[in-house]
Amino acid sequence: MAYLFTSESVSEGHPDKIADQISDALLDNFLAFDGESKVACETMVTTGQVVLAGEVRSNTYLDVQNIARDVINDIGYTKGAYKFSGDSCGVISLIHEQSQDIYQGVDRGNKEEQGAGDQGMMFGYATNETENYMPLALDISHKILIELAKLRREGKEIEYLRPDSKSQVTIEYSDENVPERIVAIVVSTQHDDFDADDEKMLTKIKKDIIEILIPRVKKQLPEYVQKLFNDDIVYHINPTGKFVIGGPHGDAGLTGRKIIVDTYGGKGAHGGGAFSGKDPSKVDRSAAYASRHIAKNLVAAGVAPEILVQVSYAIGVVEPTSISVYTYGKNNTDLSDGQIAEKVKEIFDMRPSSIEDRLKLRNPIYRETAAYGHMGKEPRKVTKIFESPYKGKITREVELFTWEKLDYVDKVKDAFELN
C-alpha cells in the first residue's frame with residue numbers, strides 16, 4: 001500500500017535560523033583570524049534583543065556585536081516595523097573562555113592524537129532519489145524557500161514579503177519506495193500588512209505563491225520531479241491567515257533548534273547534536289559531515305540506493321567507539337552491513353584530526369551552512385573577507401561543502417569491486 005512522507009524547511013529569516021547564522025558567523029570570524037580556535041557559540045534572539053553566550057579559546061578578539069548586526073541586516077531585518085533590526089537591536093555578549101578541563105581532554109601536542117570534543121553518536125544519510133543524494137521532500141522544501149527569498153530580495157513580482165517563512169512538502173510513495181506524486185505543499189510567509197481587507201490580502205498571497213513561486217521552483221527541478229506536481233496538490237498557504245508579526249518579534253529563536261531541517265528532514269536518523277556555532281573539534285558537527293560524505297560516496301558508487309552511516313565517540317578519545325552501516329536491505333554487494341562497515345573503516349579515517357584535514361574544516365566555511373540545510377549543496381570555492389578592529393581586514397579563499405564531494409567514489413568502487 002502506498003504511503004506518505006513529509007519534510008519541512010524554514011527560511012533564513014526564521015528566528016532559530018537567525019540564531020544559527022549569527023553563531024556560525026562568529027565561528028567563521030574566529031577561524032579566519034585563528035584557525036585553531038575552539039568555539040561553542042550560542043545565540044538567542046527576541047524582540048529587539050540578541051544574546052550571545054558560549055565558550056571560546058582563541059588568540060583573537062572580535063567585535064561580536066557588529067558581526068551579529070551584519071548578519072541580521074544581511075538576512076533582511078532592516079526595518080523598525082519588524083520590531084527587530086540589525087541597526088537598532090541590543091546585542092549582549094556573555095561569551096567566556098573555554099573550560100580548561102575540556103581543553104586538556106581534546107587538545108594534544110600531536111594533532112593526530114586529538115581527542116573527540118564530546119561523546120555521542122552522529123549519522124550520515126544518502127539516497128539516490130535526487131541528483132544531490134538528498135531526500136526529495138526536504139530538497140523541494142528547501143528550494144521553495146530559497147526561491148521565496150530571491151523573490152523577496154528582488155522585490156518586483158512579489159513586493160510585500162518579509163523574511164520569516166516556512167515550507168512543508170508531502171509526497172506519496174509506492175510500495176517500492178518510489179515517489180509517485182506530491183500530495184500537499186504548505187507555505188507560511190511573513191508579509192506586510194498591505195490591505196485593510198484581510199481576506200483579499202490572503203487571496204492575493206495564495207495566488208502569488210501558487211502562480212509565481214511554485215512555477216519558478218518547478219523549473220529548477222529535473223523532469224522526473226516536475227512530473228510529481230499535479231492539479232490535485234493541496235496547497236495550504238498561510239493557513240492561520242494573517243502573518244504580519246513574525247521573526248524574533250513573533251517567536252524567540254535559539255541556536256540548534258532546527259536539527260532535522262539542517263540534516264535529512266526526518267529520513268535516516270539524527271544523534272541529537274546541533275551544528276551551528278561549533279568548531280570542528282566538536283564531533284557533533286565534524287563527524288556528522290564526515291558520515292554524510294561516506295554515505296553519499298557509497299550510494300554514488302553503487303553500494304546501495306540508500307545508506308545510513310552511524311559513528312560514535314567518547315570525549316577525549318581519538319578513535320571512534322563504533323562505526324556502522326545500514327543499507328535498508330537493498331545492498332548491491334555480497335557483503336553484510338557489518339562487512340561493509342569494516343571496509344568503510346579501511347577507506348575513511350574517522351579520527352577527529354583526520355576528518356578536519358580531509359574535509360578542510362578548520363576554515364571559515366560555516367555561515368553558508370546555517371540556512372537551507374547543511375547537506376545537499378554544491379561544493380564550491382569562494383573568497384571571503386573578514387575584518388577585525390584589532391587585526392584589520394583579511395581575505396580568505398575557502399572551499400564550501402567539502403563533505404558533498406564525490407571524491408571517494410573510485411576508492412569505494414575498487415574496495416567493493418564494483419568497477
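For all residues, glycine too, the Cβ spot is worked out from N, Cα and C.
If you draw a 10 Å sphere around the CB of Lys242 (ATP binding site), it holds 12 other CB atoms from the protein chains shown. Taken from Swiss-Prot, the feature ATP binding site covers His14, Asp164, Ser165, Lys166, Lys242, Phe243, Asp251, Arg257, Lys258, Ala274, Lys278.
Positions annotated as Mg(2+) binding site by Swiss-Prot, on the basis of sequence analysis: Asp16. In the three-state DSSP classification, Asp16 (Mg(2+) binding site) falls within a helix.
Counting only same-chain residues at least 6 apart in sequence, those with a Cβ under 8 Å from the Cβ of Glu42 (K(+) binding site) are Ala19, Ser23, Leu52, Ala53, Gly54, Leu254, Thr255, Gly256, Gly277. Summarising the annotation, Swiss-Prot assigns K(+) binding site to Glu42.
When secondary structure is read from DSSP and collapsed to three states, Asp251 (ATP binding site) falls in the coil class. Marked as L-methionine binding site by Swiss-Prot: Glu55, Gln98, Asp251, Lys282.
Positions annotated as region 'Flexible loop' by Swiss-Prot: 98-108.
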Inter-residue C-alpha distance, Ser165 (ATP binding site) and Lys282 (L-methionine binding site) (nearest angstrom): 30
Distance [Cα-Cα, Å, rounded] between Glu55 (L-methionine binding site) and His14 (ATP binding site): 25
Rounded distance in angstrom between the Cα atoms of Lys258 (ATP binding site) and Asp16 (Mg(2+) binding site): 7
Lys282 (L-methionine binding site) versus binding-site residues Asp16, Lys242, Asp251 - nearest by Cα: Asp16
